[in-house]
Amino acid sequence: MQVGIDKIGLFTPNKYVDMVDLAHARNQDPNKFLIGIGQSEMSVADQTQDAVSMGINATMKYIDRIDKDKVGLLVFGTESGIDQSKSASLFVKTALKLKPEVRTFEVKEACFGLTAALMIARDFVRVHPHQTAIVIGSDIARYGINTPGEVTQGAGSISMLIKTDPSILALNDGHSAYSEDINDFWRPNDSRVAMVDGKYSTQVYLDFFTKTFNDYKKEKNLATKDFDALIYHLPFTKMGLKANRIAVEDQDEKTTEKLQNSFEASKQLSRHVGNIYTASLYMSLLSLLEKGNLPAGSLVGLFSYGSGAMGEFYSGNLVPGYEKEINPVADQAMLDRRQKLTIAEYEDVFNTALKDPVDGKELTSDDAAGTWYFAGTQGHIRQYKQK
Ligand code: COA
């Protein structure tokens, strides 16, 4: 029985910053951001978009094409949690009008959260083959104004339906996992922005990739040349480029070119949206599906990394007809709808969004009709509305 990804939806908020503008404002050479970091734009979430609303909007991309009564599990991965106790997934369940019998909760391990959710969903569907599962990763990457991490911010969500006989990616058995208790990136309870040791984090990410990729190949008796694409968690696209360079070291020209081309395709959305933490690897997958032109059956290797730190490598095969399940034109239109902010406007939006709204004061969204948004709190209860 094959289990895997049957639907995938991306949402990103309606504002962005151009990296050339940011470089000028921070007295940096634009090529440092464009080439050295590998980012062109970053989406910015205003006060009306949070992990919940973005997760609803990502799922809305396919909810009308699924049988909602079959959804038995809804798992939400985030490191931009909106409550210390109540799961973000319960707000989503209400907005999507899922049945009360659904099992639903939130998981956390930095950017590994959506992979954790996906693996839980895969096992759930194996045991309950007549049911399906929705998994959501949704995050706002905030490092702070004028910090080294500022250029690696972003906001967005990926939602996926997991089921038997999937239409997009059939997941293969087996995985290689590796974890260590380290402090490369974290966000303590008293901080709205992440703390990061960027250089250390990069080194650990590459070490974890090397280890899990090699372990996986050994366990499955595979060689690098057997993969048609390798995709990565992308906190910024240069990070994935560094991992991909390690992957193609000592490979023949054909394998190197194949894996370089597929990496190029997989990084395009990230380059324009920025870091969306839990959902970043799966935005790489969507980008590969939309721009990679890969034939059905292609073997895709996926490297997931969550700081703190947890790494995992696994793989899947593209299902015939997967192209029918994606909509690159609509995704491009979603990026094109974004309003470009001046740096002063971005700083204002950023600082406002860091604060909790005054309880009882309703927030309104300036996004398109149909978009779900956070409308403020009433009696300290979060309100979500559709425009
Ligand atoms: N043209 C082209 N490249 C340039 C350049 C220019 N004018 N100026 C600098 N660069 C390159 C540097 O050579 C470097 O490349 P390298 O990584 O291949 O060596 C790159 O740009 C970054 O420069 P650096 O000086 O290292 O940048 P920084 O000190 O500002 O920090 C990060 C960069 C990525 C470490 C920082 O943005 C960060 O901490 N981000 C968060 C990382 C994160 O999210 N980690 C956790 C999740 S896994």
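Backbone N, Cα and C atoms are what each Cβ position is placed from, and that goes for glycine too.
TrEMBL does not curate its annotations; it predicts them automatically.
The domain 'Hydroxymethylglutaryl-coenzyme A synthase N-terminal' feature in TrEMBL is assigned to 2-164.
For Asp29, Tyr143, Lys242, Asn275, the entry in TrEMBL reads (3S)-3-hydroxy-3-methylglutaryl-CoA binding site. DSSP assigns Tyr143 ((3S)-3-hydroxy-3-methylglutaryl-CoA binding site) to coil in the three-state reduction, outside any helix or strand.
Residues annotated as active site, proton donor/acceptor in TrEMBL: Glu79 (among others). Glu79 (active site, proton donor/acceptor): 25 other CB atoms within 10 A of its CB, across all protein chains.
In the three-state DSSP reading, Cys111 (active site, acyl-thioester intermediate) counts as strand. Counting every protein chain shown, 30 other Cβ atoms lie within 10 Å of the Cβ of Cys111 (active site, acyl-thioester intermediate). According to TrEMBL, the feature active site, acyl-thioester intermediate maps to Cys111.
Note: the domain 'Hydroxymethylglutaryl-coenzyme A synthase C-terminal' (176-257) comprises 43 helix, 12 strand, 27 coil (DSSP; helix = H, G, I, strand = E, B). Among the features that TrEMBL reports, domain 'Hydroxymethylglutaryl-coenzyme A synthase C-terminal' is placed at 176-257 (among others).
For His233 (active site, proton donor/acceptor), other Cβ atoms within 10 Å of its Cβ number 32. The active site, proton donor/acceptor annotation in TrEMBL covers His233 (among others).
Residues annotated as domain 'Hydroxymethylglutaryl-coenzyme A synthase C-terminal' in TrEMBL: 258-376 (among others).
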What span in Å does the (3S)-3-hydroxy-3-methylglutaryl-CoA site cover, taken as the longest CA to CA distance among Asp29, Tyr143, Lys242, Asn275?
22
Taking helix as H, G and I and strand as E and B in DSSP, count the residues of the domain 'Hydroxymethylglutaryl-coenzyme A synthase C-terminal' (258-376) in helix, strand and coil.
55 helix, 25 strand, 39 coil
Say you check the Cα of Lys242 ((3S)-3-hydroxy-3-methylglutaryl-CoA binding site) against those of the active-site residues Glu79, Cys111, His233; which is nearest?
His233
Please identify, among the recorded positions Asp29, Cys111, His233, Asn275, the one with the smallest Cα-Cα distance to Glu79 (active site, proton donor/acceptor).
Cys111
At a 10 Å cut-off from the C-beta of Lys242 ((3S)-3-hydroxy-3-methylglutaryl-CoA binding site), count the other C-beta atoms across all protein chains.
16
Out of Asp29, Asn275, the listed binding-site residues, fewest other Cβ atoms within 10 Å surround the Cβ of Asp29
